[in-house]
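K.L.:
Let me begin by handing over the structure; questions about it come next.
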Amino acid sequence: MRTLWIMAVLLVGVEGHLLQFRKMIKKMTGKEPIVSYAFYGCYCGKGGRGKPKDATDRCCFVHDCCYEKVTGCDPKWDYYTYSLENGDIVCGGDNPCTKVVCECDKAAAICFRDNLKTYKKRYMTFPDIFCTDPTEKC
């Protein structure tokens, strides 16, 4: 299912903040997010179940949990404002909802950066049918 979602995003073009999130990840990690994170582990990309496979996958789990707390806007499609100041992501704007979304994305991008040393290529295209452990709660 998450493969279809990612392909749909690629075919229609990235709108809203997904492009912003991609840029944040690229800036923090130097990796191309669609290749490196879109199908990583059990939680990166669309959906998620089971137990995160490693620290990078846990970044995605925490990001999903962060999005679950967002109310009043659509975390995947609404634009937010951010800037880079001395290499740091600074979320801005007057809309409290989109600012929270930006903070969720910022935390995930930093988490990916902080866990680059434990990133495992074997989880890059991990089939979600192997995510069979009990699903953790946020």
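Note that Cβ sites are derived from N, Cα and C of the backbone, with glycine treated the same way.
When I checked Swiss-Prot for this same protein, it listed these features:
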type     : residues                   : note
ACT_SITE : HIS63                      : active site
ACT_SITE : ASP105                     : active site
BINDING  : TYR43, GLY45, GLY47, ASP64 : Ca(2+) binding site
DISULFID : CYS42-CYS131               : disulfide bond
DISULFID : CYS44-CYS60                : disulfide bond
DISULFID : CYS59-CYS111               : disulfide bond
DISULFID : CYS65-CYS138               : disulfide bond
DISULFID : CYS66-CYS104               : disulfide bond
DISULFID : CYS73-CYS97                : disulfide bond
DISULFID : CYS91-CYS102               : disulfide bond
SIGNAL   : 1-16                       : signal peptide
K.L.:
Which one is it: of the recorded positions TYR43, GLY45, GLY47, ASP105, whose Cα lies the shortest distance from the Cα of CYS66 (disulfide bond)?
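P.N.:
Looking at Cα distances from CYS66 (disulfide bond), the smallest one goes to ASP105.
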K.L.:
Please identify, from the recorded positions ASP64, ASP105, the residue with the sparsest Cβ neighbourhood, meaning fewest other Cβ atoms within 10 angstroms.
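P.N.:
Least crowded of the recorded positions ASP64, ASP105, by Cβ count within 10 Å, is ASP64.
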K.L.:
Using the alpha carbons only, what distance in Å do you get between CYS104 (disulfide bond) and HIS63 (active site) once rounded?
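P.N.:
CYS104 (disulfide bond) and HIS63 (active site) have their Cα atoms 6 Å apart.
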K.L.:
What subset of the recorded positions CYS44, GLY47, CYS97, CYS131 lies within 10 angstroms of HIS63 (active site) at the C-alpha level?
P.N.:
CYS44
K.L.:
Quick one: pull the CA-CA distance for CYS97 (disulfide bond) versus ASP105 (active site), whole Å only.
P.N.:
13
K.L.:
In sequence order, which same-chain residues at least six apart have a C-beta under 8 angstroms from CYS131 (disulfide bond)?
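P.N.:
Listed in sequence order, they are GLY41, CYS42, GLY48, ARG49, GLY50, LYS51.
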